[in-house]
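Comments concern the structure below.
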Amino acid sequence: MLARSSRLWLLGMLGLAVITAPLEYAASALALIAAQWAKRFVAGRAELLIFIGLVTVFLVPLCLAPVFTVALADGGTGVLALPFMSRELDLGGLLAVASALPAVFLLARDLEDLNISRPLRGGRNGLHFSRTAVVLGAAAAGNFPAAMIADSPVLFTGAAVFSLAFLTMLLRGLAAVGRFPVEPAEVSTRLVAGGDLSVNLELRKLTAAAVYGCLRPAARWLVVRPGCFTMSGKMLVLNLGINGPPLSGPQWPVFEAVMSDMFGLVRHHREVRPLKLEIVPRARYIRHLAEKYLAGGASTGPVGLWSSSITAHPGRGIDFLGSRPYQPGDRLKDIDWKHSAKLGDIFAKEYARAVGQSAVILSSLDTPDEEAADKLVYNLISSALTLAQEAVPTALAIFNRDGVIKVTAPENPDLALRQLLGLIKDVRIIPAEQRRLQPAEITQLRHTITLLERFATPESSGLLAVLDFEKNAIRSSSASHPAEAVFASLAGRLSPPATIIVVSEPIDEAETFYWSLDEWRRKGYEISTLSKSVNRASSAVASPR
(Lines of atoms letter the chains of each structure in order from A and count residues from 1; the text may use other names and numbers.)
(Lines give C-alpha, C1' and ligand atoms only; values in the text may rest on other atoms or scores of the structure.)
Protein backbone atom coordinates (compact mmCIF):
# COMPACT_ATOMS: atom_id res chain seq x y z
CA MET A 1 0.00 0.00 0.00
CA LEU A 2 2.82 2.40 0.87
CA ALA A 3 4.59 1.60 -2.39
CA ARG A 4 1.43 2.27 -4.38
CA SER A 5 0.88 5.60 -2.58
CA SER A 6 4.50 6.61 -3.20
CA ARG A 7 4.20 5.75 -6.89
CA LEU A 8 0.99 7.78 -7.25
CA TRP A 9 2.56 10.75 -5.43
CA LEU A 10 5.62 10.62 -7.66
CA LEU A 11 3.57 10.44 -10.86
CA GLY A 12 1.37 13.30 -9.64
CA MET A 13 4.37 15.54 -8.94
CA LEU A 14 5.90 14.72 -12.32
CA GLY A 15 2.59 15.44 -14.02
CA LEU A 16 2.48 18.82 -12.30
CA ALA A 17 6.00 19.53 -13.55
CA VAL A 18 4.99 18.64 -17.11
CA ILE A 19 2.18 21.21 -16.95
CA THR A 20 3.82 24.11 -15.10
CA ALA A 21 7.60 23.78 -15.42
CA PRO A 22 9.66 25.36 -18.21
CA LEU A 23 10.01 23.35 -21.40
CA GLU A 24 13.36 21.65 -20.65
CA TYR A 25 12.18 20.56 -17.17
CA ALA A 26 8.75 19.52 -18.48
CA ALA A 27 10.42 17.32 -21.09
CA SER A 28 12.56 15.69 -18.40
CA ALA A 29 9.48 15.09 -16.23
CA LEU A 30 7.65 13.53 -19.17
CA ALA A 31 10.64 11.24 -19.82
CA LEU A 32 10.62 10.17 -16.16
CA ILE A 33 6.90 9.33 -16.38
CA ALA A 34 7.62 7.19 -19.45
CA ALA A 35 10.49 5.49 -17.57
CA GLN A 36 8.18 4.62 -14.66
CA TRP A 37 5.71 3.09 -17.12
CA ALA A 38 8.51 1.14 -18.87
CA LYS A 39 9.70 -0.47 -15.60
CA ARG A 40 7.03 -3.16 -15.90
CA PHE A 41 8.58 -4.35 -19.18
CA VAL A 42 12.14 -4.62 -17.85
CA ALA A 43 11.31 -6.40 -14.59
CA GLY A 44 14.06 -8.98 -15.12
CA ARG A 45 16.79 -6.50 -16.11
CA ALA A 46 18.45 -5.42 -12.88
CA GLU A 47 20.80 -2.93 -14.54
CA LEU A 48 17.96 -1.07 -16.25
CA LEU A 49 15.79 -0.97 -13.14
CA ILE A 50 18.61 0.42 -10.99
CA PHE A 51 19.48 2.96 -13.69
CA ILE A 52 15.86 4.14 -13.93
CA GLY A 53 15.64 4.37 -10.14
CA LEU A 54 18.83 6.42 -9.82
CA VAL A 55 17.90 8.79 -12.64
CA THR A 56 14.50 9.30 -11.05
CA VAL A 57 15.98 10.04 -7.61
CA PHE A 58 18.37 12.70 -8.93
CA LEU A 59 16.22 14.34 -11.64
CA VAL A 60 12.88 14.61 -9.83
CA PRO A 61 14.09 17.43 -7.50
CA LEU A 62 15.47 19.33 -10.50
CA CYS A 63 12.13 19.01 -12.32
CA LEU A 64 10.10 20.09 -9.28
CA ALA A 65 12.30 23.01 -8.18
CA PRO A 66 10.92 25.45 -10.83
CA VAL A 67 7.36 24.48 -9.88
CA PHE A 68 7.85 25.32 -6.20
CA THR A 69 9.90 28.42 -7.04
CA VAL A 70 7.00 29.87 -9.02
CA ALA A 71 4.46 28.82 -6.38
CA LEU A 72 6.44 30.49 -3.58
CA ALA A 73 7.03 33.74 -5.48
CA ASP A 74 10.55 33.14 -6.74
CA GLY A 75 11.30 30.43 -4.18
CA GLY A 76 11.16 32.51 -1.03
CA THR A 77 14.22 33.39 0.99
CA GLY A 78 17.38 31.32 1.06
CA VAL A 79 17.46 28.68 3.78
CA LEU A 80 20.93 27.18 3.24
CA ALA A 81 24.09 28.85 2.03
CA LEU A 82 26.79 26.54 0.70
CA PRO A 83 30.28 28.12 0.81
CA PHE A 84 31.44 26.38 -2.38
CA MET A 85 28.38 27.47 -4.41
CA SER A 86 27.33 30.92 -5.57
CA ARG A 87 23.62 30.19 -5.13
CA GLU A 88 21.72 29.43 -1.95
CA LEU A 89 19.23 26.61 -1.45
CA ASP A 90 15.85 28.33 -1.23
CA LEU A 91 12.63 27.00 0.26
CA GLY A 92 11.33 25.90 -3.14
CA GLY A 93 14.40 23.74 -3.74
CA LEU A 94 14.10 22.24 -0.27
CA LEU A 95 10.44 21.34 -0.92
CA ALA A 96 11.44 19.82 -4.27
CA VAL A 97 14.00 17.57 -2.56
CA ALA A 98 11.45 16.58 0.09
CA SER A 99 8.84 15.81 -2.58
CA ALA A 100 11.31 13.41 -4.24
CA LEU A 101 11.71 11.23 -1.13
CA PRO A 102 9.13 8.67 -2.43
CA ALA A 103 11.53 8.02 -5.33
CA VAL A 104 14.19 6.92 -2.81
CA PHE A 105 11.66 4.63 -1.13
CA LEU A 106 10.63 3.12 -4.49
CA LEU A 107 14.29 2.51 -5.37
CA ALA A 108 14.76 0.65 -2.08
CA ARG A 109 11.70 -1.49 -2.84
CA ASP A 110 13.02 -2.27 -6.32
CA LEU A 111 16.35 -3.32 -4.83
CA GLU A 112 14.59 -5.69 -2.44
CA ASP A 113 12.42 -7.20 -5.19
CA LEU A 114 15.43 -7.68 -7.45
CA ASN A 115 17.46 -9.29 -4.69
CA ILE A 116 14.90 -11.95 -3.75
CA SER A 117 14.00 -12.71 -7.37
CA ARG A 118 17.44 -14.01 -8.34
CA PRO A 119 19.70 -16.72 -6.90
CA LEU A 120 22.80 -15.38 -5.22
CA ARG A 121 26.06 -16.20 -6.95
CA GLY A 122 28.85 -17.89 -5.10
CA GLY A 123 32.27 -16.43 -4.45
CA ARG A 124 35.16 -16.50 -2.05
CA ASN A 125 34.37 -16.94 1.62
CA GLY A 126 33.85 -13.90 3.80
CA LEU A 127 31.96 -10.60 3.83
CA HIS A 128 31.63 -8.66 0.56
CA PHE A 129 29.83 -5.65 -0.83
CA SER A 130 27.71 -6.53 -3.84
CA ARG A 131 28.07 -4.94 -7.25
CA THR A 132 24.79 -3.12 -6.61
CA ALA A 133 26.27 -1.49 -3.51
CA VAL A 134 29.32 -0.36 -5.50
CA VAL A 135 27.11 1.17 -8.23
CA LEU A 136 24.91 3.01 -5.73
CA GLY A 137 27.93 4.30 -3.81
CA ALA A 138 29.57 5.54 -7.00
CA ALA A 139 26.34 7.27 -8.06
CA ALA A 140 26.02 9.00 -4.69
CA ALA A 141 29.65 10.15 -4.68
CA GLY A 142 29.62 11.25 -8.31
CA ASN A 143 26.69 13.62 -7.93
CA PHE A 144 28.50 15.89 -5.45
CA PRO A 145 31.16 17.12 -7.92
CA ALA A 146 28.50 17.25 -10.63
CA ALA A 147 26.38 19.52 -8.43
CA MET A 148 29.33 21.81 -7.70
CA ILE A 149 30.25 22.05 -11.38
CA ALA A 150 26.64 22.85 -12.29
CA ASP A 151 26.34 25.20 -9.28
CA SER A 152 23.07 23.43 -8.34
CA PRO A 153 22.26 23.38 -4.62
CA VAL A 154 19.12 21.32 -5.37
CA LEU A 155 21.18 18.54 -6.96
CA PHE A 156 23.72 18.74 -4.12
CA THR A 157 21.00 18.44 -1.47
CA GLY A 158 19.32 15.58 -3.35
CA ALA A 159 22.66 13.75 -3.51
CA ALA A 160 23.14 14.30 0.24
CA VAL A 161 19.67 12.91 1.02
CA PHE A 162 20.27 9.87 -1.20
CA SER A 163 23.71 9.31 0.35
CA LEU A 164 22.16 9.35 3.81
CA ALA A 165 19.53 6.80 2.74
CA PHE A 166 22.20 4.63 1.08
CA LEU A 167 24.42 4.68 4.18
CA THR A 168 21.42 3.74 6.32
CA MET A 169 20.66 0.72 4.10
CA LEU A 170 24.34 -0.23 4.08
CA LEU A 171 24.60 -0.12 7.87
CA ARG A 172 21.43 -2.21 8.17
CA GLY A 173 22.96 -4.72 5.78
CA LEU A 174 26.16 -4.93 7.81
CA ALA A 175 24.13 -5.43 10.98
CA ALA A 176 22.10 -8.18 9.30
CA VAL A 177 24.88 -10.26 7.71
CA GLY A 178 28.13 -8.89 9.15
CA ARG A 179 28.11 -11.94 11.38
CA PHE A 180 26.99 -15.02 9.46
CA PRO A 181 23.23 -14.80 10.09
CA VAL A 182 22.14 -18.46 10.04
CA GLU A 183 23.26 -21.65 11.75
CA PRO A 184 22.21 -24.99 10.25
CA ALA A 185 21.40 -27.83 12.61
CA GLU A 186 23.50 -30.96 12.15
CA VAL A 187 21.71 -33.89 10.50
CA SER A 188 23.03 -37.47 10.61
CA THR A 189 21.71 -40.25 8.41
CA ARG A 190 22.68 -43.56 6.81
CA LEU A 191 21.99 -44.54 3.23
CA VAL A 192 22.88 -47.40 0.95
CA ALA A 193 25.08 -46.26 -1.94
CA GLY A 194 22.90 -45.46 -4.92
CA GLY A 195 19.73 -45.10 -2.82
CA ASP A 196 17.41 -42.14 -2.39
CA LEU A 197 16.47 -40.36 0.81
CA SER A 198 14.88 -37.08 1.87
CA VAL A 199 15.67 -35.38 5.19
CA ASN A 200 14.76 -32.07 6.82
CA LEU A 201 17.44 -29.46 7.40
CA GLU A 202 16.70 -26.79 10.03
CA LEU A 203 18.18 -23.30 9.82
CA ARG A 204 18.25 -21.00 12.86
CA LYS A 205 18.53 -17.24 12.30
CA LEU A 206 20.97 -15.45 14.60
CA THR A 207 20.02 -11.85 13.79
CA ALA A 208 16.80 -9.87 14.21
CA ALA A 209 16.70 -8.49 10.66
CA ALA A 210 15.22 -10.44 7.77
CA VAL A 211 17.78 -11.97 5.40
CA TYR A 212 17.80 -13.63 2.00
CA GLY A 213 20.03 -16.59 1.22
CA CYS A 214 20.86 -19.52 -1.02
CA LEU A 215 22.23 -22.95 -0.08
CA ARG A 216 23.92 -24.97 -2.83
CA PRO A 217 25.45 -28.44 -2.42
CA ALA A 218 28.76 -29.08 -4.12
CA ALA A 219 27.74 -32.66 -5.02
CA ARG A 220 25.30 -33.18 -7.90
CA TRP A 221 23.50 -35.97 -6.06
CA LEU A 222 22.36 -33.55 -3.36
CA VAL A 223 19.36 -31.24 -3.86
CA VAL A 224 18.14 -28.49 -1.51
CA ARG A 225 14.51 -27.40 -1.80
CA PRO A 226 14.05 -24.49 -1.88
CA GLY A 227 17.55 -23.57 -2.91
CA CYS A 228 16.98 -19.87 -2.16
CA PHE A 229 14.83 -18.53 0.66
CA THR A 230 13.85 -15.50 2.73
CA MET A 231 14.14 -15.77 6.51
CA SER A 232 12.06 -13.38 8.58
CA GLY A 233 11.34 -15.75 11.47
CA LYS A 234 13.76 -17.53 13.77
CA MET A 235 13.51 -20.98 12.16
CA LEU A 236 13.25 -22.34 8.63
CA VAL A 237 13.05 -25.98 7.53
CA LEU A 238 14.51 -26.96 4.15
CA ASN A 239 14.16 -30.29 2.36
CA LEU A 240 17.41 -32.03 1.53
CA GLY A 241 17.21 -34.72 -1.14
CA ILE A 242 19.95 -37.35 -1.39
CA ASN A 243 19.72 -39.03 -4.80
CA GLY A 244 22.02 -41.94 -5.54
CA PRO A 245 25.21 -41.05 -3.64
CA PRO A 246 28.30 -42.88 -4.93
CA LEU A 247 30.23 -45.27 -2.75
CA SER A 248 33.08 -42.74 -2.64
CA GLY A 249 30.80 -39.91 -1.49
CA PRO A 250 32.12 -37.68 1.34
CA GLN A 251 31.04 -38.21 4.94
CA TRP A 252 30.54 -34.45 5.39
CA PRO A 253 29.31 -33.04 2.04
CA VAL A 254 30.11 -29.38 1.42
CA PHE A 255 27.35 -26.80 0.96
CA GLU A 256 27.95 -23.25 -0.24
CA ALA A 257 25.85 -20.79 1.77
CA VAL A 258 25.41 -17.21 0.54
CA MET A 259 23.46 -14.81 2.76
CA SER A 260 22.45 -11.25 1.92
CA ASP A 261 20.54 -8.39 3.47
CA MET A 262 17.13 -7.74 1.93
CA PHE A 263 18.44 -4.91 -0.27
CA GLY A 264 21.24 -7.08 -1.67
CA LEU A 265 24.02 -4.66 -0.69
CA VAL A 266 26.08 -6.88 1.63
CA ARG A 267 26.75 -10.60 1.15
CA HIS A 268 28.37 -13.19 3.36
CA HIS A 269 29.78 -16.39 1.83
CA ARG A 270 30.62 -19.49 3.83
CA GLU A 271 31.04 -23.24 3.37
CA VAL A 272 28.90 -25.28 5.76
CA ARG A 273 28.73 -29.02 6.44
CA PRO A 274 25.42 -29.67 8.21
CA LEU A 275 24.98 -33.23 6.90
CA LYS A 276 26.82 -36.23 8.29
CA LEU A 277 26.24 -39.01 5.79
CA GLU A 278 27.24 -42.62 6.27
CA ILE A 279 27.16 -44.34 2.89
CA VAL A 280 26.70 -48.07 3.33
CA PRO A 281 28.18 -50.15 0.48
CA ARG A 282 25.55 -51.99 -1.52
CA ALA A 283 27.56 -55.17 -1.20
CA ARG A 284 27.56 -55.07 2.60
CA TYR A 285 23.83 -54.30 2.71
CA ILE A 286 22.72 -57.04 0.33
CA ARG A 287 25.09 -59.59 1.88
CA HIS A 288 23.55 -58.88 5.28
CA LEU A 289 20.07 -59.52 3.84
CA ALA A 290 21.19 -62.73 2.17
CA GLU A 291 22.82 -64.07 5.34
CA LYS A 292 19.72 -63.15 7.32
CA TYR A 293 17.56 -65.02 4.81
CA LEU A 294 19.77 -68.13 4.85
CA ALA A 295 20.06 -68.12 8.65
CA GLY A 296 16.37 -67.87 9.44
CA GLY A 297 14.64 -68.59 6.19
CA ALA A 298 12.58 -65.44 6.70
CA SER A 299 11.54 -63.23 3.82
CA THR A 300 13.66 -60.11 3.42
CA GLY A 301 11.20 -58.24 1.23
CA PRO A 302 11.40 -57.37 -2.47
CA VAL A 303 15.10 -56.60 -2.81
CA GLY A 304 15.83 -58.25 -6.14
CA LEU A 305 16.31 -56.50 -9.45
CA TRP A 306 14.66 -59.31 -11.43
CA SER A 307 11.49 -61.26 -10.78
CA SER A 308 10.43 -64.31 -12.75
CA SER A 309 6.80 -63.88 -11.78
CA ILE A 310 6.32 -60.37 -13.11
CA THR A 311 8.74 -60.00 -16.03
CA ALA A 312 7.28 -60.47 -19.50
CA HIS A 313 9.70 -61.82 -22.13
CA PRO A 314 9.25 -62.04 -25.89
CA GLY A 315 8.30 -65.34 -27.41
CA ARG A 316 5.45 -67.27 -29.03
CA GLY A 317 2.67 -66.99 -26.52
CA ILE A 318 -0.75 -65.37 -26.26
CA ASP A 319 -0.30 -61.83 -24.90
CA PHE A 320 0.76 -59.33 -27.58
CA LEU A 321 3.88 -57.34 -26.64
CA GLY A 322 4.59 -55.31 -29.77
CA SER A 323 6.24 -55.41 -33.19
CA ARG A 324 9.88 -55.80 -34.17
CA PRO A 325 11.83 -56.08 -37.46
CA TYR A 326 11.46 -59.43 -39.23
CA GLN A 327 14.11 -62.04 -38.53
CA PRO A 328 14.80 -65.26 -40.41
CA GLY A 329 12.72 -68.05 -38.89
CA ASP A 330 9.68 -65.94 -38.02
CA ARG A 331 6.39 -67.65 -38.89
CA LEU A 332 4.21 -66.26 -41.67
CA LYS A 333 1.20 -65.90 -39.38
CA ASP A 334 3.26 -63.69 -37.04
CA ILE A 335 3.88 -61.04 -39.72
CA ASP A 336 2.44 -57.66 -38.69
CA TRP A 337 1.01 -56.65 -42.07
CA LYS A 338 -0.40 -53.34 -40.83
CA HIS A 339 2.94 -52.03 -39.55
CA SER A 340 4.79 -53.52 -42.52
CA ALA A 341 2.59 -51.64 -45.00
CA LYS A 342 2.78 -48.40 -43.03
CA LEU A 343 6.56 -48.40 -42.47
CA GLY A 344 7.66 -49.96 -45.74
CA ASP A 345 9.54 -52.84 -44.09
CA ILE A 346 8.68 -56.28 -42.78
CA PHE A 347 7.73 -56.45 -39.10
CA ALA A 348 6.74 -59.44 -36.99
CA LYS A 349 4.41 -59.56 -34.02
CA GLU A 350 5.91 -60.49 -30.68
CA TYR A 351 4.07 -62.21 -27.86
CA ALA A 352 4.81 -62.73 -24.18
CA ARG A 353 5.39 -66.21 -22.93
CA ALA A 354 6.00 -67.60 -19.52
CA VAL A 355 9.51 -67.55 -18.13
CA GLY A 356 11.27 -70.89 -17.98
CA GLN A 357 11.23 -73.13 -14.93
CA SER A 358 14.91 -72.51 -14.21
CA ALA A 359 17.29 -69.56 -14.34
CA VAL A 360 20.99 -68.99 -14.86
CA ILE A 361 22.93 -66.12 -13.27
CA LEU A 362 25.55 -65.18 -15.87
CA SER A 363 28.23 -62.67 -14.94
CA SER A 364 31.82 -61.60 -15.34
CA LEU A 365 33.62 -60.77 -12.10
CA ASP A 366 35.88 -58.16 -13.72
CA THR A 367 34.98 -54.53 -12.99
CA PRO A 368 36.64 -51.24 -13.96
CA ASP A 369 36.50 -49.52 -10.54
CA GLU A 370 35.33 -49.85 -6.92
CA GLU A 371 31.93 -48.31 -7.64
CA ALA A 372 31.24 -50.88 -10.36
CA ALA A 373 32.48 -53.70 -8.09
CA ASP A 374 30.05 -52.65 -5.37
CA LYS A 375 27.16 -52.55 -7.88
CA LEU A 376 28.13 -55.94 -9.30
CA VAL A 377 28.10 -57.66 -5.91
CA TYR A 378 24.74 -56.06 -5.11
CA ASN A 379 23.21 -57.16 -8.42
CA LEU A 380 24.58 -60.69 -8.11
CA ILE A 381 23.32 -61.35 -4.59
CA SER A 382 20.00 -59.55 -5.07
CA SER A 383 19.25 -61.63 -8.18
CA ALA A 384 20.10 -64.87 -6.39
CA LEU A 385 18.09 -63.78 -3.35
CA THR A 386 15.03 -63.04 -5.49
CA LEU A 387 15.26 -66.45 -7.16
CA ALA A 388 15.61 -68.09 -3.75
CA GLN A 389 12.53 -66.30 -2.45
CA GLU A 390 10.56 -67.47 -5.49
CA ALA A 391 12.00 -71.01 -5.28
CA VAL A 392 13.29 -70.97 -8.88
CA PRO A 393 16.00 -73.59 -9.58
CA THR A 394 19.16 -71.60 -10.17
CA ALA A 395 22.38 -72.27 -12.05
CA LEU A 396 25.56 -70.21 -11.86
CA ALA A 397 27.75 -69.24 -14.81
CA ILE A 398 30.60 -67.11 -13.49
CA PHE A 399 33.76 -66.18 -15.37
CA ASN A 400 36.40 -63.49 -15.76
CA ARG A 401 38.98 -62.45 -18.32
CA ASP A 402 41.23 -65.40 -17.46
CA GLY A 403 38.64 -68.16 -17.78
CA VAL A 404 35.70 -69.97 -16.21
CA ILE A 405 35.30 -69.64 -12.44
CA LYS A 406 32.21 -71.73 -11.76
CA VAL A 407 29.39 -73.29 -13.78
CA THR A 408 26.66 -75.33 -12.09
CA ALA A 409 23.49 -77.07 -13.18
CA PRO A 410 20.11 -75.75 -11.96
CA GLU A 411 19.86 -76.61 -8.28
CA ASN A 412 18.28 -75.51 -5.03
CA PRO A 413 18.32 -71.68 -5.14
CA ASP A 414 19.38 -71.49 -1.47
CA LEU A 415 22.46 -73.55 -2.30
CA ALA A 416 23.18 -71.35 -5.32
CA LEU A 417 22.91 -68.28 -3.07
CA ARG A 418 25.40 -69.79 -0.58
CA GLN A 419 27.83 -70.59 -3.40
CA LEU A 420 27.51 -67.07 -4.79
CA LEU A 421 28.27 -65.55 -1.38
CA GLY A 422 31.53 -67.49 -1.45
CA LEU A 423 32.38 -66.30 -4.97
CA ILE A 424 32.08 -62.56 -4.45
CA LYS A 425 35.59 -62.51 -2.97
CA ASP A 426 36.82 -63.15 -6.53
CA VAL A 427 35.43 -59.85 -7.83
CA ARG A 428 38.42 -57.85 -9.02
CA ILE A 429 39.15 -54.44 -10.49
CA ILE A 430 40.79 -54.33 -13.92
CA PRO A 431 40.93 -50.96 -15.71
CA ALA A 432 39.00 -51.22 -18.95
CA GLU A 433 40.54 -50.17 -22.23
CA GLN A 434 39.04 -47.01 -23.69
CA ARG A 435 36.67 -47.72 -26.57
CA ARG A 436 36.33 -45.45 -29.56
CA LEU A 437 33.23 -47.16 -30.96
CA GLN A 438 30.10 -48.61 -29.41
CA PRO A 439 29.80 -52.42 -29.44
CA ALA A 440 27.91 -53.82 -32.40
CA GLU A 441 24.25 -54.77 -31.98
CA ILE A 442 24.38 -58.38 -33.08
CA THR A 443 20.71 -58.91 -33.93
CA GLN A 444 20.56 -55.66 -35.88
CA LEU A 445 23.75 -56.62 -37.71
CA ARG A 446 22.29 -59.96 -38.78
CA HIS A 447 19.00 -58.36 -39.80
CA THR A 448 20.80 -55.76 -41.93
CA ILE A 449 22.89 -58.42 -43.66
CA THR A 450 19.74 -60.46 -44.41
CA LEU A 451 18.04 -57.45 -45.99
CA LEU A 452 21.11 -56.58 -48.08
CA GLU A 453 21.38 -60.17 -49.32
CA ARG A 454 17.68 -60.26 -50.20
CA PHE A 455 17.69 -56.95 -52.07
CA ALA A 456 21.23 -57.03 -53.41
CA THR A 457 22.31 -54.19 -55.71
CA PRO A 458 25.71 -53.21 -57.09
CA GLU A 459 25.68 -50.17 -54.82
CA SER A 460 25.10 -52.24 -51.66
CA SER A 461 27.71 -54.90 -52.36
CA GLY A 462 30.49 -52.91 -50.69
CA LEU A 463 28.47 -52.36 -47.52
CA LEU A 464 27.48 -56.04 -47.47
CA ALA A 465 31.13 -57.07 -47.69
CA VAL A 466 32.05 -54.82 -44.76
CA LEU A 467 29.20 -56.14 -42.59
CA ASP A 468 30.06 -59.75 -43.49
CA PHE A 469 33.65 -59.10 -42.49
CA GLU A 470 32.50 -57.66 -39.15
CA LYS A 471 30.19 -60.61 -38.51
CA ASN A 472 32.88 -63.19 -39.31
CA ALA A 473 35.43 -61.37 -37.15
CA ILE A 474 33.05 -61.39 -34.18
CA ARG A 475 32.20 -65.05 -34.76
CA SER A 476 35.86 -66.13 -34.91
CA SER A 477 36.87 -64.14 -31.83
CA SER A 478 33.97 -65.53 -29.79
CA ALA A 479 35.41 -69.04 -30.06
CA SER A 480 38.36 -68.17 -27.80
CA HIS A 481 36.48 -65.94 -25.37
CA PRO A 482 35.93 -67.24 -21.79
CA ALA A 483 32.20 -66.62 -22.18
CA GLU A 484 32.09 -69.21 -24.96
CA ALA A 485 33.58 -71.79 -22.58
CA VAL A 486 30.89 -70.90 -20.06
CA PHE A 487 28.14 -71.41 -22.63
CA ALA A 488 29.70 -74.68 -23.75
CA SER A 489 29.72 -75.92 -20.16
CA LEU A 490 26.09 -74.86 -19.73
CA ALA A 491 24.95 -76.64 -22.88
CA GLY A 492 24.89 -80.07 -21.25
CA ARG A 493 23.28 -78.87 -18.01
CA LEU A 494 20.48 -76.62 -19.22
CA SER A 495 17.70 -76.91 -21.74
CA PRO A 496 15.13 -74.39 -22.95
CA PRO A 497 12.89 -72.86 -21.91
CA ALA A 498 15.10 -71.25 -19.27
CA THR A 499 16.06 -67.71 -18.38
CA ILE A 500 19.60 -66.36 -18.55
CA ILE A 501 20.00 -63.39 -16.20
CA VAL A 502 22.94 -61.30 -17.43
CA VAL A 503 24.26 -59.43 -14.39
CA SER A 504 27.49 -58.09 -15.90
CA GLU A 505 29.18 -58.42 -19.27
CA PRO A 506 32.96 -58.55 -19.86
CA ILE A 507 34.73 -55.21 -19.65
CA ASP A 508 36.41 -55.92 -22.99
CA GLU A 509 35.53 -57.82 -26.19
CA ALA A 510 31.86 -57.20 -25.54
CA GLU A 511 30.83 -58.05 -29.13
CA THR A 512 31.91 -61.67 -28.74
CA PHE A 513 29.83 -61.94 -25.59
CA TYR A 514 26.80 -60.50 -27.38
CA TRP A 515 27.30 -62.96 -30.23
CA SER A 516 27.15 -65.96 -27.90
CA LEU A 517 24.18 -64.45 -26.10
CA ASP A 518 22.31 -64.01 -29.36
CA GLU A 519 23.02 -67.62 -30.31
CA TRP A 520 21.40 -68.81 -27.09
CA ARG A 521 18.41 -66.56 -27.62
CA ARG A 522 17.91 -68.21 -31.00
CA LYS A 523 17.93 -71.61 -29.30
CA GLY A 524 14.87 -70.60 -27.26
CA TYR A 525 16.36 -69.22 -24.07
CA GLU A 526 15.01 -66.03 -22.52
CA ILE A 527 17.50 -63.22 -21.90
CA SER A 528 17.04 -60.82 -18.98
CA THR A 529 19.70 -58.15 -18.48
CA LEU A 530 20.63 -56.07 -15.44
CA SER A 531 23.75 -54.36 -16.75
CA LYS A 532 23.12 -50.93 -18.25
CA SER A 533 25.70 -51.41 -20.97
CA VAL A 534 24.17 -54.73 -21.99
CA ASN A 535 20.74 -53.14 -22.06
CA ARG A 536 22.05 -50.38 -24.31
CA ALA A 537 24.32 -52.28 -26.64
CA SER A 538 22.38 -55.53 -26.98
CA SER A 539 18.82 -54.30 -26.64
CA ALA A 540 18.01 -56.38 -29.70
CA VAL A 541 19.19 -59.48 -27.85
CA ALA A 542 16.99 -58.90 -24.83
CA SER A 543 14.00 -57.55 -26.70
CA PRO A 544 14.42 -57.27 -30.48
CA ARG A 545 12.71 -54.30 -32.05
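Glycine residues also receive a Cβ, built from the backbone N, Cα and C atoms like all the rest.
The annotation transmembrane segment is assigned in TrEMBL to 12-36 (among others). Within the chain, the transmembrane segment (12-36) has long-range Cβ neighbours (under 8 A, six or more residues past its boundaries) at 52, 55-56, 59-60, 62-64, 66-67, 70, 99-100.
Sequence annotations record features per position, and here TrEMBL assigns transmembrane segment to 48-71 (among others).
Summarising the annotation, TrEMBL assigns transmembrane segment to 91-108 (among others).
The transmembrane segment annotation in TrEMBL covers 129-148 (among others).
TrEMBL lists 154-171 (among others) with the feature transmembrane segment.
As a quick check, the transmembrane segment (129-148) and the transmembrane segment (91-108) miss the bar of 3 or more Cβ pairs under 8 A, pairs 6 or more apart, so the two do not touch.
Panel annotation: around the transmembrane segment (48-71), residues 10, 13-14, 16-17, 20-22, 25-26, 28-29, 32, 35-36, 38-39, 42, 90-93, 95-97, 99-100, 103-104, 106-107, 110-111, 114, 132, 135-136, 139, 143, 152, 154-155, 157-159, 162 of the same chain, lying at least six beyond its termini, place a Cβ under 8 Å from a Cβ of the stretch.
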